[in-house]
Number of protein chains: 2
Amino acid sequence: MIRRLSQARERGIPEATVARLPLYLRALNGMAERGLATVSSEDLAVAAGVNSAKLRKDLSHLGSYGTRGVGYDVEYLIYQISRELGLTQDWAVAIVGVGNLGRALANYGGFVSRGFRVAALLDADPEVVGDHIAGLNVEHIDELEAVIKRRGVSIVVLATPAAAAQQVADRVIAAGVTSILNFAPVVLAVPEGVDIRKVDLSIELQILAFHEQRKTDRMTGGPAMAEEWPEAVDL
Amino acid sequence: MIRRLSQARERGIPEATVARLPLYLRALNGMAERGLATVSSEDLAVAAGVNSAKLRKDLSHLGSYGTRGVGYDVEYLIYQISRELGLTQDWAVAIVGVGNLGRALANYGGFVSRGFRVAALLDADPEVVGDHIAGLNVEHIDELEAVIKRRGVSIVVLATPAAAAQQVADRVIAAGVTSILNFAPVVLAVPEGVDIRKVDLSIELQILAFHEQRKTDRMTGGPAMAEEWPEAVDL
DNA sequence: GTCCCTTTGTGAACCGGTGCACAAAGTGGG
DNA sequence: CCCACTTTGTGCACCGGTTCACAAAGGGAC
């Protein structure tokens, strides 16, 4: 029988909460560095840029780690969030595609600091295979399955051209990887049980452009008047 | 009085819809290249990786651009979405911070193709100022306000170290920019009316790690047992 | 021990977004 | 012209997530 912990810590933390935990963690680390021992939900919420009720509800999903009238113990909360996110273990990450972006990712400091270790760099271009980047030797894509197995890679970052992404994804999934961070501008088709997260630089800019256009429209006059589409009426 | 358009095209497209429009646009461009004249909501939905009812509802927010029994005219829909997103005009983007990431962004092809033009690169490090990257001369951060004004920059991409991001943000906002894409791992404080979008590589990985941990936990046995926290009971 | 102050944890209303399911609208064949 | 078929556009029920507001819990002073 499983020992019942302090309280209702069911399996199943809301996705929206999971996405904010790293934010809280970062804020807490800053506070720990500045020597704060405890922090209130209000202060932590401000530091993380969210509302304090939301923060408390988020933390309540992990357990009851605060003290009423006092706040949260910074170190203890850091430990709890880290453990929940799985950052107390070390994750081997492989980056496939060593173009400009892949290189930037390989050199990005934010990974190492959080339990992530870039364990391999792979590329199809014989020109870059053999290069040394961020202390790693770039290996040929043919080695993909072997490298994943040998180094215990469990997360793969795709920084390949769009055309190659699906086929690389298929291979890493066949090799047993179930977590992929995709920077290629394509919608990947993956089987049930594989987690994909997508980062798309151009989409982010397009969303900004939409709002920017709205703002300047509002300045200059009526909505959607200046650039009327003439053939719209005939539809 | 404003001429009433075909139908209920109120100001205010749901945020979730806006975030998907670029996805549809990309899928449509692929179809246009392959010579398709029309497409059904079902086919377009599959290509964009969403459900077809959602797609139809999204498009209905722009207007009634489909033909029942037939589908959507590919070219016409591309035009409508582009116009709605503001991609029919040309946006001057400045990238601040020319480290690994800034360089990768400057060379990223996905920007230019969509009405975005990298109009300036800026950095504080005298070592990189004067370098030529992606056909542009890297300018000193002291020139920030002048460059923004002179080149009509309306969107700024922050690729600086975390410590510098807030202060650069303050300056670009003071210079009149109201749209910022932030890659620095900090929560920026900005006044009302300024749009910030944040891309955080390390957060994405942490979310993947969370799910990956869940998956492997489920394999190996009980939830959260192997790594029990011994001091939890004393709280 | 009692009272007052602070801050957590959460019930409940609310809100935006999703997906089903179907009526309305259009096409094409005979 | 009419009927059978296709596909859009949307009303409605549902769901996850946010926010408010407050009771419960702990700390500290006296």
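The backbone N, Cα and C atoms fix where each Cβ goes, glycine too.
Taken verbatim from TrEMBL:
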| type | residues | note |
| --- | --- | --- |
| DNA_BIND | B:23-62 | DNA-binding region |
| DOMAIN | B:86-187 | domain 'CoA-binding' |
| BINDING | B:GLY97, B:VAL98, B:GLY99, B:ASN100, B:LEU101, B:GLY102 | NAD(+) binding site |
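Features recorded in TrEMBL, as mapped to the structure shown.
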{"residue": "B:GLY97", "record": "NAD(+) binding site", "Cβ neighbours (10 Å)": "26"}
{"residue": "B:VAL98", "record": "NAD(+) binding site", "Cβ neighbours (10 Å)": "24"}
{"residue": "B:GLY99", "record": "NAD(+) binding site", "Cβ neighbours (10 Å)": "17"}
{"residue": "B:ASN100", "record": "NAD(+) binding site", "Cβ neighbours (10 Å)": "18"}
{"residue": "B:LEU101", "record": "NAD(+) binding site", "Cβ neighbours (10 Å)": "24"}
{"residue": "B:GLY102", "record": "NAD(+) binding site", "Cβ neighbours (10 Å)": "24"}
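Across the domain 'CoA-binding' (B:86-187), the DSSP tally of helix, strand and coil residues reads 36 helix, 29 strand, 37 coil. Proximity to chain A, defined as a C-beta distance under 8 Å, is registered for the following binding-site residues out of B:GLY97, B:VAL98, B:LEU101: B:LEU101. Among residues of the same chain six or more beyond the DNA-binding region (B:23-62), those with a C-beta under 8 A of the stretch's C-beta atoms are 9, 13-14, 17, 70-75, 77-78, 80-82, 84-85, 87.
The average pLDDT computed for the DNA-binding region (B:23-62) is 97. The DSSP breakdown of the DNA-binding region (B:23-62) into helical (H, G, I), extended (E, B) and coil residues amounts to 28 helix, 2 strand, 10 coil.
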